[in-house]
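**Student:** Following this message is one structure expressed as structure tokens.
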Amino acid sequence: MNPAPLVALVGNPNAGKTALFNALTGARQKVGNYPGVTVERHSGRLALDDGRPIELVDLPGTYSLDPSSPDEAVTRDVVLGRQAGERVPDALIVVADATNLDNHLRFVLQLKSLGRPMVLALNMIDMATRDGLKIDLAALSAELGLPVVATVAVRKRGLDELRAALAGILASAPRTAPVESVDADIRHFQREARRISRAATAEQPRMRAVTRGIDRVALHPVVGPILLLAILFVMFQAVFSWSEAPIGWIEGLQGWLADTAVANLPDNFLRSLLVEGIINGVGSVVVFLPQILILFVFILLLEASGYMVRAAFLMDRLMSGVGLSGRAFIPLLSSFACAIPGIMATRSIDDPKERLTTILIAPLMTCSARLPVYAVIIGAFIPARQVLPGVGLQGLVLLVLYLTGILGAVIAAFVLRRTATKGVGGGFLMEMPRYQLPSIRDIAIGLWQRAYVFLRRAGTIILQVTVALWLLTSYPVAPAGVKQSEYSIAGRIASGLEVVLRPIGFNHEMSLAVIPAMAAREVAVSALQTVYAIDAADEEQGAQELGGRLAGRWSLATALAFLAWFVFAPQCLSTIAVARRETNGWKWPLVMIGYLFALAYIAAGATYWTAVAFGLG
Ligand SMILES: Nc1nc2c(ncn2[C@@H]2O[C@H](COP(=O)(O)OP(=O)(O)OP(=O)(O)O)[C@@H](O)[C@H]2O)c(=O)[nH]1
Ligand SMILES: [Mg+2]
């Protein structure tokens, strides 16, 4: 006698497969094991209306046929008919959650492309009804070309219809063979799923309608990217235009502290360490707190409102062009705050080469530690002029710096994915949350955490490096007529480095600032502050702010070269340490340091010589 036809229950996690399995088979269940793996095999018996027996297997939930765990691999292999210890299934019952139709349909479409006899159990209809969502089953069935049955597994509703549909597909279908290849074009399935779920949704609740409405614009292939660029543009304009007043307060406080120290302490070594090294050195970094917080207000708002996932979706197309997926977008996005959490977030990428690529390019995202460097140079050299009404030149330059970093990452990923980390990217598998109004409290907590982290850095690593640098630039004391910044220990080291950096437009002070900035980029600012203050100690008592000093001493070409350098240079010890930990060795961090310094050198040189050619030297 022929064995009973084998039917498998498949679908996304939590679609209700097991609930449906229990409802259909009742107590007639067996639990075994698939050979060679620790995954349990759940099977049971059910009878069709004509009395024919069916063997039903319940499979682990998965989002696609691209498994990221042993459970999911079993699901794939059973469905394809190549799982050891399992027959080729005669038909599939695909279970989808009616309240999350567009996400679940993606997998339905991929399964359908296998060509096996299939019926769709549209489960959780009760929840959909509760939410005011009405699905047109006939339209859905026509669009998919599959029988569709509405079910409520936990209430045992729709089971008769499901058995009838099963009898139908088994009657017409021939026994099928293993499937050799799988269509893995997840992006295509995603688009189709969206379209079909829209076509089959007869009525939807208001918030959902609002979300769809916004998404029609936000995810539009042309308007969407323009909107994203516009949002980023406003963000960078705001960084400059909103921060003026609070920066003034911090500078006022810093000036008052320095004046008070100068007025009340005897003029000795300790006083200048306190004033030049600590108050002005650390102060020159802390003054950027308002700009960092404004940047984070935007990032946190975009996240909390649900827009960030849309941005990831828009970027996905761009990223697939360089062999990465939308999955890499979230780690890269966190890297705009800081590459360290960004690199740690790459753990969510299952493909090891895609993950490695993401780690290697994460430092190219403009982290908040670059903002002090950018802001001081832009403030000193780029006039606060309006290019167009409401469009400031300074914000525009900042946006260009961010975009240059992104472009660098795109090129780096493109090259890496064709050489050192060869491979193709996976699909985009993120659920789109509904839009919502962000909670003020959450934003406030997020901002407070950023402020705390930034100030703690200023109080620890930046303070230590600044004090060490102050000591190294203050001694040995230069004889009359010789510049202190050149005669000192730090100055002599910088003179060595200057030989290499002079061709790309760097002067002695910049060469000096680049060394301690290896610890953290912001230190470049306090280092420049310290160097100029020490040289100027006699004439102006170090009271002048850094921007003014730079503007008088550097050419525009030099300043632009310095900006270009910081777009690429891997000047952050913590990032290198995290990359070493996450890649289990020194090989990849060294690759990262090497290519980033090479890019920094080339970019700074190209910028400098182009600017000189335009007469800006
Ligand atoms: N309201 C409602 N809840 C359901 C329905 N079907 C399943 N559930 C519930 O949804 C949850 C997930 O159901 P499961 O049957 O475990 O889902 P699954 O597809 O087997 O999930 P995985 O095995 O993790 O892939 C459980 O809490 C069920 O009780 C339904 O039709 N309506
Ligand atoms: Mg289950």
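Note that Cβ sites are derived from N, Cα and C of the backbone, with glycine treated the same way.
Quantities reported herein were computed from a predicted structural model and do not represent experimental measurements.
If you look up TrEMBL, you'll see 4-172 marked as domain 'FeoB-type G'. Feature annotation from TrEMBL assigns transmembrane segment to 217-240, 277-302, 322-344, 356-384, 396-416, 458-478, 554-578, 590-611.
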**Student:** What stretch in 217-240, 322-344, 356-384, 396-416, 458-478 has the biggest tally of Cβ pairs under 8 Å against the transmembrane segment (277-302)?
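**Tutor:** It is 458-478, which has the most Cβ pairs under 8 Å.
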**Student:** Could you tell me whether the transmembrane segment (396-416) and the transmembrane segment (322-344) have 3+ CB pairs under 8 A, leaving out pairs under 6 positions apart?
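**Tutor:** In contact, yes.
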**Student:** Restricting to CB pairs under 8 Å, which listed stretch, 217-240, 356-384, 554-578, 590-611, is in contact most with the transmembrane segment (396-416)?
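**Tutor:** Highest pair count goes to 356-384.
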**Student:** Per the 3+ Cβ pairs under 8 Å rule, pairs at least 6 apart in sequence, do the transmembrane segment (356-384) and the transmembrane segment (458-478) touch?
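**Tutor:** Since fewer than 3 Cβ pairs under 8 Å link them, the transmembrane segment (356-384) and the transmembrane segment (458-478) do not come into contact.
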**Student:** Let me spell it out: take the transmembrane segment (458-478), skip the flanking residues so only those 6+ beyond its ends count, and list any with a Cβ under 8 Å from a Cβ in it.
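**Tutor:** Non-local partners: 272-273, 276-278, 281-282, 285-286, 484-491, 493, 512, 516, 519-520, 522-523, 526-527, 530-531, 534.
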**Student:** Restricting to the domain 'FeoB-type G' (4-172), what is the model's mean pLDDT?
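**Tutor:** Reported value for the domain 'FeoB-type G' (4-172) is a mean pLDDT of 91.
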